[in-house]
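Asks: First the structure, which I've put down as structure tokens, then a few questions once you've had a look.
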Amino acid sequence: MNNIIRAFLLTLFAGLSTGIGSAIAFYAKKTNTKFLSVSLGLSAGVMVYVSFVELLSKSMEILSKALGAKLGSFISIISFFTGVFLIALIDKLVPSEGNPHEMQRVEKIRESGAVEGKLLRTGFLTAVAVAVHNFPEGFAAFASALQEVSIAIPIAFAIAIHNIPEGIAVSVPIFYATGDKKKAFLYSFLSGLSEPLGAAIFYLILFPFVNDLVIGVIFACIAGIMVFISIDELLPSAREYGEHHLSVYGFVAGMAIMAFSLLAFV
């Protein structure tokens, strides 16, 4: 399969998993907290492991060859923290009411007692927030898929898992404000489309300028973005949804899965 088509398909899969969150919200009377806790922990484990062991190390290797060991490593570290800063800035600019990092259980949202207008506003704000957060993730999934399929597939699955609770956060308030499942699903679905949109913009604008130096910088930025998402969103959400140890077990399992899957492609 063509690398570009594969990269788009993986990014599309990751983004549209918000629709799975909508389905859970509509048909589950109670959130399966243990499953979500382990899944989110697993997603964080995959992201953290691949960020430090693969992406950041590859970035340093590529940039060291191009710029020399000392300067290459320095640029790689700066790029890593640039990625952290960019995603942290996006997170800071999102209104707290609609921030998808403030996860809630299905039944908690249903029983919140909020008026319909407020619920609708919350749902719309969350949809916008999810779209904004997913945009750089589209860059991450697409850029990694262009280079290393062994890295790209676990990253896409990890992003997909963490998009599921975001789908819940978007669809439930809109559904309970309007009573319209189709409208709630549509907004959840559209918020996930920003991920392949990010991939498309990367391809149309940045792809012609991609070389080894750019790839090295991008890999380090992606690592920074994913580490921040894991620490700021996935692990706190995993602990919120279930027992502390379940999220830890999921985290360790995610790292182990990533380690052995990378080993299989060596």
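Just so you know, glycine gets a Cβ as well, placed from its N, Cα and C.
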Asks: Quick one: which of Glu137, Glu240 does TrEMBL put in the Zn(2+) site with His162, Glu166?
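Replies: Site partner of His162, Glu166 for Zn(2+), according to TrEMBL: Glu137.
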Asks: Among Glu148, Glu195, which residue does TrEMBL annotate as binding Fe(2+) at the site that also has Asn134, Glu137, Asn163, Glu166?
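Replies: So the Fe(2+) site in TrEMBL includes Asn134, Glu137, Asn163, Glu166 plus, from the candidates Glu148, Glu195, Glu195.
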Asks: When each of 35-56, 68-90, 184-207, 246-265 is checked against the transmembrane segment (151-177) for Cβ pairs under 8 Å, which one has the most?
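Replies: Comparing 35-56, 68-90, 184-207, 246-265: 35-56 has the most Cβ pairs near the transmembrane segment (151-177).
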Asks: Under 8 angstroms for C-beta pairs, at least 3 of them, ignoring pairs fewer than 6 apart in sequence. Is the transmembrane segment (35-56) in contact with the transmembrane segment (184-207) by that rule?
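Replies: No, the transmembrane segment (35-56) does not contact the transmembrane segment (184-207).
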Asks: Hey, for the Fe(2+) site built from Asn134, Glu137, Asn163, Glu166, Glu195, who else sits with CB inside 8 A of the CB center?
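Replies: So the extra residues in range turn out to be Ala14, Gly15, Ser17, Thr18, Val130, His133, Gly138, Ile159, His162, Ser191, Gly192, Ser194.
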